[in-house]
């Protein structure tokens with residue numbers, strides 16, 4: 001708490017509130033720039049009962065939200081839960097310009113309707129994580145379209161060309177002799193201007209956004225305003241466990257996907273990512289996540305079961321409790337299907353085409369008696385083509401290739417000439 | 001005339017006119033970019049009886065015009081003489097912004113009054129070479145102040161950062177890790193926009209302006225307009241014969257300087273520059289200049305006399321015929337003063353303090369008789385302290401150090417105790 005002057009003015013209740021906010025809001029953040037200013041801003045907000053303005057900028061050209069975005073959305077949600085104000089900014093100003101070089105098909109100029117539609121898509125998808133009722137929505141064309149050439153020149157004068165070329169992607173392109181068109185240098189400038197226009201206290205972004213997000217501080221300072229604090233969130237690896245989750249890499253879980261797909265994809269992540277996904281992507285509380293981590297460390301929780309919990313939490317967040325339950329069950333079925341041995345003994349079936357399951361199981365010698373068969377069915381231990389048999393009187397239509405399973409390890413595939 | 005389509009449509013009279021314009025307008029130009037388009041523009045102008053619009057941009061912060069500028073002004077004058085229209089543009093838009101970094105004292109923002117005053121100074125000084133009555137005057141704030149951010153971005157998209165950094169001064173500063181502020185990249189963009197706003201056919205500039213002047217073609221093309229042709233004029237070395245003439249180097253002849261200073265400074269240029277100054281700076285016709293060159297080559301014209309002719313032509317251009325005559329004469333006096341031998345015999349004068357010149361000359365033994373003295377005075381051959389004696393009855397006050405001269409070679413310095 002050194003250097004945090006406002007903190008000294010808080011009473012005991014306010015100090016406890018500060019500790020609570022600091023614990024949650026700083027949790028899982030990759031870097032807070034600068035940390036001292038963030039502490040001070042929280043204290044000031046508590047002291048003055050003035051919510052912080054927490055900004056997130058959105059590119060209106062790519063409204064497909066996936067769980068990689070959830071890292072930032074979860075952080076916004078935490079801010080909301082402490083009563084702070086989320087400012088979502090749709091970057092429609094540049095979106096409507098598109099790519100003036102005309103070289104990128106992906107960046108054709110958007111119409112008002114397209115921007116509106118994309119924004120709506122964002123909001124629907126974001127609504128699965130944050131409370132959209134409490135969010136401030138802004139379109140940056142509102143202020144950027146009024147900025148004149150002389151203002152642009154003054155803003156441009158606050159940065160050097162060398163500084164711009166230090167930005168990772170610019171640097172790499174410049175070194176590789178790939179063209180950087182001059183207008184691209186203005187994307188950070190505009191993003192920074194948005195922070196000035198909205199007097200943002202905090203801006204969130206991925207660690208790959210550091211340059212652009214920090215630029216807001218420069219612009220606010222240029223206009224003599226209080227500088228925003230930057231919270232950089234870690235980038236989350238995709239399903240492959242290697243590359244950043246992104247739509248173009250195909251290693252993502254979209255928030256609009258079907259429950260069973262979300263569940264199944266989550267089950268496919270490498271074990272090494274489990275705790276990171278719990279911490280950053282899942283909606284579980286810090287305490288719940290700590291417990292999962294502890295159990296994994298102790299070895300009292302199997303990684304597969306941890307992933308099931310994780311997957312269920314995602315489905316619940318995006319589709320509700322019931323969908324989570326169902327997709328979990330469905331996955332277990334599929335999982336067991338996968339657990340079926342590759343080599344299943346085959347039996348040529350010469351008997352009746354329709355037969356009671358208890359008779360079939362006995363005839364195949366999978367169980368010694370019909371009564372044993374009935375007991376097994378009651379325990380849910382008999383399956384025909386993965387489907388659990390629930391009725392002891394059930395019959396089965398024997399077709400070529402049907403698989404009969406008893407317990408976890410006994411399988412027979414029936415062959416039939418009919 | 002290959003590739004010059006409009007030329008084919010000219011009748012004989014027009015063709016002769018074309019030949020005349022081409023000879024004069026292309027004379028002394030360092031590069032015409034592209035030459036074929038210039039030929040075509042002249043032909044089109046003659047065919048359609050439509051004057052060409054010839055642009056020159058001016059920085060409103062530095063209104064001190066020197067003979068280095070005359071290179072461009074002479075070219076503008078030639079255009080004027082063929083009936084074309086000169087467009088002078090005062091770059092007040094950036095002038096009023098000044099240097100937004102605040103690092104350069106020289107580039108503080110100018111007020112409207114200062115811009116107006118500086119422009120007036122330019123025009124007064126330009127008026128000594130070109131016909132200001134026929135000039136179009138423009139202030140680029142008129143259109144640039146209306147350009148919005150989205151237009152700036154589109155313009156910026158027409159150029160790459162790498163291309164900008166190829167510009168000599170940017171390149172050197174970048175390599176030397178000296179800061180280039182981003183707004184500086186917009187100076188060529190704005191200059192180019194001026195050409196679009198005024199639909200210029202031609203832009204003049206020094207060879208050091210190549211990048212900026214060529215940029216106008218790019219901007220005009222961006223807006224689907226006919227591209228201007230660029231005429232780059234050679235830079236003229238200053239009095240030192242080495243560096244480009246410039247105020248900061250102190251090696252310049254200002255158009256506002258006194259006749260005798262213009263004359264004297266011209267006489268001080270290295271002989272190697274004589275023909276270049278004749279061709280590019282003097283107002284003499286191509287024919288007159290060719291003759292001077294021929295005589296210098298033949299050795300029938302002494303370089304000193306060529307410089308006197310050059311100097312007189314400058315003074316005449318800037319101050320009129322009479323001033324040219326006077327400053328020539330005055331220079332000859334000074335020149336002869338310089339020709340005075342370093343060792344002059346001294347005579348201790350014991351005679352009267354005031355004495356007739358004819359008596360003095362005889363007593364000193366410089367001439368054999370008073371009648372001879374009178375004849376010499378009438379021929380302008382007697383001088384007291386460089387001043388020619390014109391009256392045979394003139395007296396002289398003898399003071400210590402006074403120099404008496406008869407003819408070109410006889411000198412006596414009088415010493416007196418009084």
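Numbers here mean position along the shown chain, with the first residue as 1.
The backbone N, Cα and C atoms fix where each Cβ goes, and this holds for glycine too.
In TrEMBL, annotation is done automatically, which means it is predicted and not curated.
According to TrEMBL, the feature motif ''HIGH' region' maps to residues B:60-69, out of the candidate ranges B:60-69, B:70-79, B:80-89, B:90-99.
Given the ranges B:244-248, B:249-253, B:254-258, B:259-263, the record in TrEMBL names B:244-248 as motif ''KMSKS' region'. Within the motif ''KMSKS' region' (B:244-248), the DSSP-based counts of helix, strand and coil residues read 0 helix, 1 strand, 4 coil. Within the motif ''HIGH' region' (B:60-69), the DSSP-based counts of helix, strand and coil residues read 3 helix, 1 strand, 6 coil.
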